[in-house]
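Undergrad: What follows is a structure written as structure tokens; I'll ask about it next.
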Amino acid sequence: MRNHQQEPEVPQISEMDSGEKRLNELGYKQELRREMTLFKTLAISFSTMTLFTGITPLYGSSLQYAGPASLVWGWVVVSFFTWFVGIAMAEICSSFPTTGSLYFWAAHLAGPKWGPFASWCCAWLETIGLIAGIGTQAYAGSQTMQSIILLCTGTNKDGGYLAPKWLFLCMYIALTLIWAFLNTFALEVIAFIDIISIWWQVIGGTVIVIMLPLVALTTQSASYVFTNFEVAPGTTGISSKPYAVILSFLVSQYSLYGYDAAAHLTEETRGADKNGPIAILSSIGIISIFGWAYILALTFSIQDFGYLYDPTNETAGTFVPAQILYDAFHGRYHSATGAIILLFIIWGSFFFGGLSITTSAARVVYALSRDKGIPFSSIWRKVHPKHKVPSNAVWLCAAICILLGLPILKVNVVFTAITSICTIGWVGGYAVPIFARMVMAEKNFKPGPFYLGKARRPICLVAFLWICYTCSVFLLPTYYPITWNTFNYAPVALGVGLALIMLWWMLDARKWFKGPVRNIDGQNGKV
């Protein structure tokens, strides 16, 4: 019997991805699959910003504060300042392509002395913002479905079924659970769904923007849309024109963020040091143009401004965009079918947006627990052995999101509060690394392919001040007089939450939390 000698296998040496190389330099080993292309990353980033999900739920209230002109031009103003934030973040993303993104950036940019505290603040702000973000999508998706059910069963005037609060809460919980369930599958499934999402929103958005003004029997004049300014103290209780304008900008400030989703996926993106910044800036560009077109289409198609808010109208005065769609299609075709189809396209956008935000939220919780910054970190940092996704972190986010929605049963201003918590947490998280980048010594910064050079300080300053302004206005009361039904409880909820997090830091966490924890030994690259 002859012995067959086996020839030694020659290992195949492939060129290391530039993003993975930079990740290793920063002290992290590659654990997640790196198979996202630029287009897939852009799709997820665009889906998180979403064309409809920011504008649709807040359009009615923002229009009511100061009329159409303030809403329309507000989008342009907010888009302009959003570019400063996006450019500042793109530069940092190019240098630090890690899943922990914002809080990792904050730790490294703030230096060894302030790094742990900066990353602690940033991580918790971002975690709060993203988990509340899942809630905003679930609430607005449920609100859209409520209008679809009402129009399908006969309108509010013809005995249609308006979902009560308990059913509304059930829809909210169902959406959250579906997103968590889908996020426990392989990343390819989410990436594929997000490819559908980008086309759903581009094609659906184009159809709505073009079709709605064409179907509407009459359209408003350009002078009405671009110059009409009127406060509504009778309904909002706000007679101050500057205050009304500030509140009418909220829809734009709520809609124009989420572009950091590309940064959360950089450990799973090929060439992330180049493709991350491209995805961030492309998302802002696409959403700025499409968003404005969507606002213009809705505003030009208004048939009767006063009737939109009438509780006896066909949509029970609950959802202004639904009434605009109904008026347009019923006025021309004497049928609500067209409005129902377009509402379903908008609902799909909420579904895809919630799925993407769940993905981002889980990645941030995973990254923070990997660095031992969350109670019971060992549970939340576990990666599913088969699907290679942080499934425990996904279900933690879903559970907290469901708890956030429980007040729906008793409180009327839940969406205002969740929106405020989401925006302040999410956008506030941007401020920490941008401020640290602005004040750090340039010699300590290792630039990536996207580098601002001397322009970084003025760009970061404008971005930081804009973020501070945005966070401030979301704490303001949105209706007067202030009662239990109109009270924006976000300042109280955020104040208590952040106070507990800061107290934990001062009493205990500062002794052991060091920020991002390397999982590769210093110089030799060993795990």
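Glycine residues also receive a Cβ, built from the backbone N, Cα and C atoms like all the rest.
For 38-60, 72-93, 166-192, 198-217, 278-302, 339-368, 389-409, 415-439, 459-480, 486-507, the entry in TrEMBL reads transmembrane segment.
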Undergrad: Do we see three or more Cβ pairs under 8 Å linking the transmembrane segment (486-507) and the transmembrane segment (415-439), pairs being at least 6 apart in sequence?
TA: yes
Undergrad: Against the transmembrane segment (415-439), which of these stretches has the most C-beta pairs under 8 Å: 278-302, 389-409, 459-480?
TA: 459-480
Undergrad: Out of 166-192, 278-302, 459-480, which stretch has the largest tally of CB pairs under 8 angstroms to the transmembrane segment (72-93)?
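TA: Answer, by Cβ pair count: 278-302.
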Undergrad: Per the definition of 3+ C-beta pairs under 8 A with sequence separation of 6 or more, do the transmembrane segment (389-409) and the transmembrane segment (459-480) touch?
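TA: No, the transmembrane segment (389-409) does not contact the transmembrane segment (459-480).
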